[in-house]
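Undergrad: Sharing a structure here in structure tokens format.
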Amino acid sequence: MGVTNASGDIIASKSDEKRNKYACACAIIASTISILMGYDTGVMSGAMLFIKEDLKISETQVEVLAGILNVCALVGSLTAGRLSDWVGRRYTIALASIILFVGSILMGIGYSFAVLLTGRCVAGVGVGYALMIAPVYSAEISSPSTRGFLTSLPEMCISVGIFIGYISNYLFAKLPLIYGWRTMLGIGALPSAVLAFGIFAMPESPRWLVMQGRVKEARDVLLLVTNSEQEADLRLQEIKEAAGITEDENGVTKPINPSRGEGVWKELLLRPSPSVKRILIAALGIHFFEHATGIEAVVLYSPRIFKKAGIQDRNHLLLATMGVGLTKISFILVATFLLDKIGRRPLLLTSLAGMFLSLTTLGFGLTMIEHASEKLIWAIALSIVAVFTFVAFFSVGLGPITWVYSSEIFPLRLRAQGASLGVAVNRVMNGTISMSFISLYQAITIGGAFFLFAGFAVLAWFFFFFFCPETRGRSLEEMEELFSKKKRGEIEIEPLAKVNS
């Protein structure tokens with residue numbers, strides 16, 4: 001298929017399809033880093049069952065082990081944005097893979113709780129880098145017509161990583177206890193080696209190159225990742241204008257203010273313009289609600305949830321958990337093909353409505369099981385189905401759109417560090433849920449915990465309805481203008497009308 005320029009004219013042809021594939025290949029290589037992050041999350045859900053038995057650790061230590069990755073990811077995410085503005089998007093991806101490699105090796109050694117926790121902390125810093133840089137890189141090399149698809153690839157790869165982690169749990173659980181969980185964690189170092197070779201095939205982000213005044217190099221990259229020379233020149237002109245680059249009388253382009261990320265925090269937090277303030281609220285809000293609605297509790301503690309629902313055999317628990325991972329992958333794959341066709345908002349609002357119904361059903365089912373004097377088959381079946389429907393609705397909307405949306409709405413000069421701030425909020429919420437879920441359900445019952453998450457889903461629906469305009473089909477350089485409009489209803493309702501027409 002062709003893509004369109006700002007005027008709506010089709011400027012791609014069949015002969016240009018190879019270049020589209022090149023952009024897709026670059027996004028896939030960049031997203032490989034997300035597989036490592038997903039694997040660390042997924043494998044720990046099953047490994048914790050064996051770690052607790054082998055190292056004789058307490059429930060509190062299990063919670064710390066589960067959540068410390070996200071606390072340390074906060075450090076990585078807050079530094080990744082500035083680093084990527086300084087050294088470039090590509091080398092930031094390389095550094096993230098090295099950090100994750102070291103973390104996986106330390107966790108694989110894991111002869112004591114202290115060493116295991118240290119490896120988890122190191123991996124956490126790498127996760128913070130990976131979560132910020134993969135969506136930003138994918139957004140910056142993609143065109144408006146394919147940005148939803150390419151920018152959702154990191155979330156898809158996270159889910160693939162989680163699923164591989166579940167498979168690893170099931171396969172290596174058959175090894176002796178002392179080797180099983182260590183193999184599960186240590187084998188996560190392998191994808192880092194793959195990425196180390198793949199990084200050499202990736203071009204630098206054309207938008208980062210323009211910010212450094214390397215306009216010719218940026219044009220060379222755009223010729224590879226766009227559908228025609230006309231589109232490449234059009235996008236280059238938009239990027240130059242956004243970066244504040246002008247031409248002198250000899251046609252030589254020079255940046256007015258070469259940017260390596262200086263002063264961005266001041267513009268984001270201390271003196272934001274009205275449009276930047278709206279962008280910041282939308283970006284931080286979507287990251288907050290992604291985890292406030294309970295996905296981390298379901299992904300990380302799914303074996304415990306299924307056990308509460310009545311599945312007692314360890315192999316059956318791990319198989320059921322693999323089913324969660326497969327569901328997540330399947331529905332994110334659906335979302336990747338819908339994001340550029342029907343838009344972000346319809347998927348997001350539908351996703352939240354389905355998540356609310358699923359969480360309410362899960363809370364009801366688990367409450368009935370917990371208070372019943374005999375085994376309730378219908379309640380067990382209802383709870384299991386609710387877990388899968390919750391994961392499905394999350395994965396078709398809120399899951400991938402969180403990363404697509406937050407990586408595309410910031411202006412060029414603020415994008416990397418703005419995205420890193422969003423990731424920081426994401427990791428704080430992720431760590432809060434993963435480190436407190438056991439204590440939460442012990443305090444208010446496991447059913448009560450999911451009723452609480454359902455309440456947050458309602459709040460999230462209203463937040464997205466009023467604060468998140470549609471971005472489908474708009475270039476990255478148009479986003480600040482989109483959020484600067486005062487009549488919020490216009491920019492939200494118009495794209496939905498186009499979808500329905």
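A Cβ is built for glycine as well, from the same backbone N, Cα and C atoms used for every other residue.
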Undergrad: For the feature transmembrane segment as recorded in TrEMBL, pick the matching range from 149-167, 282-300.
TA: 149-167
Undergrad: For the transmembrane segment (179-202), which stretch among 22-39, 117-137, 317-339, 376-405 has the most Cβ pairs under 8 A?
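TA: It is 22-39 that shares the most Cβ pairs under 8 Å with the transmembrane segment (179-202).
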Undergrad: For the transmembrane segment (351-369), I need the partner stretch with the highest count of C-beta pairs below 8 angstroms, choosing only from 22-39, 117-137, 317-339, 376-405, 440-467.
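TA: Stretch with the highest Cβ contact count: 376-405.
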Undergrad: Over the domain 'Major facilitator superfamily (MFS) profile' (26-472), what is the model's average pLDDT?
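TA: So the average pLDDT across the domain 'Major facilitator superfamily (MFS) profile' (26-472) works out to 85.
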Undergrad: Report, as numbers and ranges, every residue of the chain located at least six residues beyond the transmembrane segment (440-467) whose Cβ falls under 8 Å of a Cβ in that stretch; write 'none' if there are none.
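TA: 278, 281-282, 285-286, 289, 292-294, 297, 305, 308, 345, 348-349, 352-353, 355-356, 359-360, 362-368, 370, 398, 488, 492.
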Undergrad: When each of 117-137, 317-339, 376-405 is checked against the transmembrane segment (149-167) for Cβ pairs under 8 Å, which one has the most?
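TA: Highest pair count goes to 317-339.
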